[in-house]
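**Student:** When I checked Swiss-Prot for this same protein, it listed these features:
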ACT_SITE  7  active site
ACT_SITE  67  active site
ACT_SITE  140  active site
BINDING   7, 140  Mg(2+) 1 binding site
BINDING   67  Mg(2+) 2 binding site
């Protein structure tokens, strides 16, 4: 079972792949898809889509775990995040992956035991929970690993 964790964003999208073999978790890969705010939005979304598609084709995940969005006080920011999620969900649908959505507090509680944990705490815990993640320093990638971990430990496969 391979889960693709996705921390959706328009500027810095984090992704990570974690596999589960019997009861053992294995980190496979992670990365950040960066787009520039000065580029046109349709080009940014196309870049996210094509880059994430390469990840899906290379690793063949079974499931995509994506963070649910919350409504930001800045409606433009929320709308742009919605665009990114739409592009991601379209790709997930195109490759017929099972999709799971998790609230940020659920992910934090699953990984750290505390639903309001800081990014540093998530980063610290994933390094202790999943072998091979000790070189991750980026919070976007750490969040994506945490999403994949949450999927693997809370769902029955």
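The backbone N, Cα and C atoms fix where each Cβ goes, and this holds for glycine too.
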**Student:** CB neighbours of residue 140 (active site) within 10 A?
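**Tutor:** Result for residue 140 (active site): 23 neighbouring Cβ atoms inside 10 Å.
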**Student:** What count of other C-beta atoms do you get within 10 angstroms of the C-beta of residue 67 (active site), across all chains shown?
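**Tutor:** Cβ-Cβ neighbours of residue 67 (active site) within 10 Å number 24.
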**Student:** Relative to the Cβ of residue 7 (active site), which residues of the same chain, six or more apart in sequence, are found under 8 Å away?
**Tutor:** 13, 14, 15, 67, 140, 141, 143, 144, 147
